[in-house]
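J.: Below are the features I grabbed from TrEMBL:
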DOMAIN    116-171  domain 'PAC'
DOMAIN    346-564  domain 'Histidine kinase'
DOMAIN    610-725  domain 'Response regulatory'
DOMAIN    878-1094  domain 'Histidine kinase'
DOMAIN    1117-1233  domain 'Response regulatory'
MOD_RES   ASP658  4-aspartylphosphate
MOD_RES   ASP1166  4-aspartylphosphate
Amino acid sequence: MSTRSPEAIPLFLSAPGELGARIWAHDWERTPLGPIAGWPHSLKTVINLMLNSPQPMWIGWGEQVTFLYNDAYIDVLSMAKHPWALGRPAAEVWAEIWDICGPLSDRVFAQGEATMADNVRLFMRRGDYLEETFYAFSYSPVRDESGRVAGLFCANLDVTSRYLTARRMHTLSDLNTRTLQEKTLHGACAIALTTIADNPDDVPFAQLYLAGDAGPSQLLHATHAGIADARALFDIDAVSADAVPRLMALDVHAPPAGMPVGLAQQPLREALVLPLAGSEPGQSIGVLVLGVSSARKLDADYRSFLELIATQAGNAIRQARAAEDERLRADMLAELDRAKTQFFSNVSHEFRTPLTLLLGPASDALEDDAAPLPPVQRERLLLMQRNAQRLQKLVNTLLEFSRVQAGRAHASFAAVDLAALTGDLASSFRSAIEGAGMRLAVECEPLTMKVYVDPAMWEKIVLNLMSNAFKFTFDGEIRVRQRIVNGQLRLEVADTGAGIPQEQLPHLFERFHRVEGARSRTHEGSGIGLALVHDLVALHGGRIDVDSVPGQGSVFTVAIPLGCAHLPAAQVDVAAPAPASTAVEAYVKEAEGWVQQQAAPVAASAAHGRLLVVDDNADMRDYLQRLLQSQWRVEVCNNGVEALAAIEREAPDLILSDVMMPQLDGFGLLAALRAHPGTRDIPFMLLSARAGEDARLEGLQAGADDYLVKPFSARELAARIEVLHLRQRMRVVEGVAARRLQSVFGQAPVAISIMSGPRHVFEQANDYYQRLVGPRPLLGLTIREAFPELESQGIYELLDGVLATGQPYVGRSVQLRMRRAPDQEPTECWFDFVYQPLMDDGGQPYGVAVVAFEVTELATAKRAAEAANRAKDEFLAMLGHELRNPLAPIVTALQLMRMRGGDYAVKERAVIERQTNHLVALVDDLLDVSRVAEGKIQLNRQVLEMADAVARAIETASPLIEQKRHVLTLDVPSSGLTVLADPVRCAQVLANLLTNAAKYTEPGGRLSIAARREGGQVVVDVRDNGIGIAPEMLGPVFERFTQARQALSRSQGGLGLGLAIARSMMALHGGTVEAHSAGLGCGSTFTVRMPLWQGQGEYRPGTPQPAPSATTEGGLSILVVDDNEDAARALGEGLELLGHTVTVVFSAPAALATALQLRPQVGLLDIGLPGMDGYELAMRLREQSGAEGLRLFAVTGYGQEADRRQAREAGFEQHLTKPVSLNQLDALLQGRSVA
């Protein structure tokens, strides 16, 4: 390819994008077009037009239709053909579609006419497969300067997306429309697959699998017969199990059997396996396998289309299944209804035989005048008869209703005197209605036209309507009116009762329907009375309606046609007489039983207390009252409302209640009692005809103490009542004990709380605890809810640990940040507390008891004391430093005087030396007693002969002994009294005792020190004939700052610390120091006792320090650094007298510069240097080159153990406390051991 300068691009190729430059850079000499310079003006013009167009375009020029295109056309070619296509023949560029495009191109060149194609499907090779596309394009001729057609101009528009969308939407629309019409599972699946098969271009094949109830998915339908089962190629059940779509690859070289060929004869490469969603999230009812077109990529739009197919197919399958299930349920319900009706009929027939045998003998016994029954037995038999008749009425009603429902009811219609019949039936209720304090009005006009009815059925219609009116009416009147209106017989039964809500009216004549919450005389009944009336009226060709206003009453209206033309002719019997009524008595007696009778007064029994019976059945109330009145004072109520009023007057000891009652049932009564604190603990037993474990559990879960199913025996009832009574008595006893425990809990003088459960819910907290934590709600809240500010303070985790392990936790001075008032920020406070796990009967922890004490004041005081102690330590350290710094040059100067010799000012120097040593001893004592008090003294224990310790002590105390001209007597064996002790500290103790004896003895006195062995101890006595000690001071004499013996003319000096230090040091050694004195003026004896060392160990005797003298060995190069110039110069002079070469500087920078220049062997550094302290100076000296062998010694006034430790950590070889003995320092410099 030739290269041309970009700046030289001609004007006709100037355009945005890359193609102008590519055309300019292309080697056109190898193409039929030749060099660009020879291109005709017409070609250049059309090229410029093409390059500047935003639409995809290409130009074909010359006989070979040489291909040129613009930037917008790159997307049409794809990167597979760009820029390769530039300058090639069009037939080569689009070889795969030239069978369609070629003839159109030839027509342009041959005839000079433009051609146009709209929505042409083209299979373009723009990668490794032929891609289905749709284009609208035109070929326009381009003429050269001679007027002939030299080329063509193609403008095109990609309409693939629009065409594919329309095709796919058509499929989805058909799928939705056609599948919704199918109501069977197999039909819906078949229609879905048929609809999918109508679009093989987008879905080459499809297979539908439905999940089995307990096995793998089963192939139900496929678009192609004989196609290979996808289960052999892919794990279909995995997709169904996890409801996640998966892509299934197909073998293009060996396609599965029956697999169709894709578009452009290309083998199918893949299929999408999609789950069919069930009704529950994550549930799958099957799998749909959809082939993916070999001529399209599975992009987002294509995948979404296939997923929509699966969604619609799943919807269709679910709807078909739901329709099948609905049909199945309807069939089952119809079958169940038939079976139930048959069952009622069978049971009713079976009941009639034992009822006949019950009622017959009972009637005979009651009517037997020859052998009359005793009153008590007669009353019991009457109870049996009433309830047997009630049962017979129910059986007859059920049997009649089942016959009507089954279409087997046989009616015999006859013309009867309906006015008399209806009037008699309605009037039979008069005694019951008027006995309840209401009025009955009966208006039955004589009929002038014949009305045909079945007398027995009409009797049931009237009796049921009358019974229903009486049941729901408590005052006012019941009115019965019968007349002919508009050619029909109209019977109206109106009442002024409770009325019926409007929403209940459409359901009123449904079987088993009850109006919940309606006020009635009883809750008894089967719920089929009005349904039976409705069906019986319908058998007469009539209808029944109801109008009602809640709180005002109801009107039931029965209308039947006159004559018999509307009735089956076979069931009309003109001559049939009206049969005598047989059911009236049962209806009336049942109604009379609904009227509340005043219970006969019962003598109060002191056996158990008061028992309340609540039941809407009068016979049941009477029976229970007679059964229990020998042991209880029984009161009866008709319903829950009456019971609540009776309980409000006087709380009973036990309650027996029916479940189903008017106004307020047993569950409502129970809930009302349990909700009130004063009645929640009354024992409550439910009596119900509802049997079964579910009914019993429902009662117990509602809060009942027991649940007894009717019928029950008198013995069982009495036993259960006795159990409830005993249980209640135990509750009372336990309540008393609990209240006493609660009283103790509340009055405990410490803060106590109890938390239960894994969330630590507060169950109890006494007043102390509430005051401790401030005004905040606790009971019923979790620890996290009650104390949110304790988050991240470890308390939650401690409680979790105690509950998990069952081990108690004791907290001491635990610091917390806690809010003491709702409007306050958390403040610091300290607590001692105990977390004690509470165990259940199985030994498992179920809660935590907390006992807490606030120790904030103590903790604050302790912190203040610790702060004061630290301040004291810092003060003592500073005091020691500030006192030792001026002492150092004084002591060193005195040592220099001795080393230089001469007899000038000998006496004066001795005075100065004594006072200086005294001052040094005071500083040491002050620091020692502080370290001992804080436990900071560390002993360097060695095997030591007591004679060596005594010798060192005498050496220390001898200046004062000699000054006061005392006579010292020794009685110490040279060996055999071995102890394990710190030689320095042991000598210090004895020296303190000798110094104390010398101080408090007049000059020229007698001192003695004697040592001996007593058993396993070494005993040392230090005696004097001094001023003695008063008996009351023998104990306090060892206390700090005590100077008990001041009978001399003035104080003997000192801080009163020597004896305190001696006792403390001996305690560290496991020994003791005791004082003995016969009194003032009688002298004193101090006795030291230490454990005798009986083991084997190194014996390191102390050696007395020699006087400073000039060293006989080669001197060292020493750098002295101290900001105290006097101390530095004095120390330097002393070291020079000992034969060393010394350089003295007074600051850290000067030390660094000097060390770099002189390379000293030893550095003696003060620690308290200004600007840069001795620790930093030591570090920098070691970092300087050439300082590898430099030995560093800290020479400082800071002498505490922490200072020594810091010096070691900083790399100092020794830590020397000012003032420094030149002899000791020289020994250390020479590497000799120093005791």
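Positions of Cβ are set from backbone N, Cα and C atoms, glycine also.
Keep in mind that TrEMBL annotations are predicted by a computer and have not been checked by a curator.
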J.: Give the number of CB atoms, excluding that of ASP658 (4-aspartylphosphate) itself, located within 10 Å of its CB.
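T.: The answer is 26.
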J.: In whole Å, note down how far the CA of ASP658 (4-aspartylphosphate) lies from the CA of ASP1166 (4-aspartylphosphate).
T.: 102
J.: Across the domain 'Response regulatory' (610-725), what is the average pLDDT of the model, as a whole number?
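T.: It averages 87.
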J.: Is the domain 'PAC' (116-171) in contact with the domain 'Histidine kinase' (346-564), using at least 3 Cβ pairs under 8 Å (sequence separation of 6 or more) as the test?
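T.: No, the domain 'Histidine kinase' (346-564) does not contact the domain 'PAC' (116-171).
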J.: Taking the Cβ of ASP1166 (4-aspartylphosphate) as the centre, how many other Cβ atoms fall within a 10 Å radius?
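T.: Counting Cβ neighbours of ASP1166 (4-aspartylphosphate) within 10 Å gives 28.
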J.: Going by DSSP, is ASP1166 (4-aspartylphosphate) part of a helix, a strand, or coil?
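T.: It is coil.
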J.: Please count the residues of the domain 'Response regulatory' (1117-1233) that DSSP assigns to helix (H, G, I), strand (E, B) and coil.
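T.: For the domain 'Response regulatory' (1117-1233), the helix, strand and coil counts are 51 helix, 24 strand, 42 coil.
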J.: Just to be sure I understand, if DSSP states are collapsed into helix, strand and coil, how many residues of the domain 'PAC' (116-171) fall in each?
T.: 12 helix, 34 strand, 10 coil
J.: For ASP658 (4-aspartylphosphate), which of the three DSSP-derived states applies: helix, strand, or coil?
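T.: Once the DSSP labels are grouped into three classes, ASP658 (4-aspartylphosphate) ends up as strand.
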J.: Go ahead and report the DSSP secondary structure tallies for the domain 'Response regulatory' (610-725): helix first, then strand, then coil.
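T.: The breakdown for the domain 'Response regulatory' (610-725) reads 51 helix, 24 strand, 41 coil.
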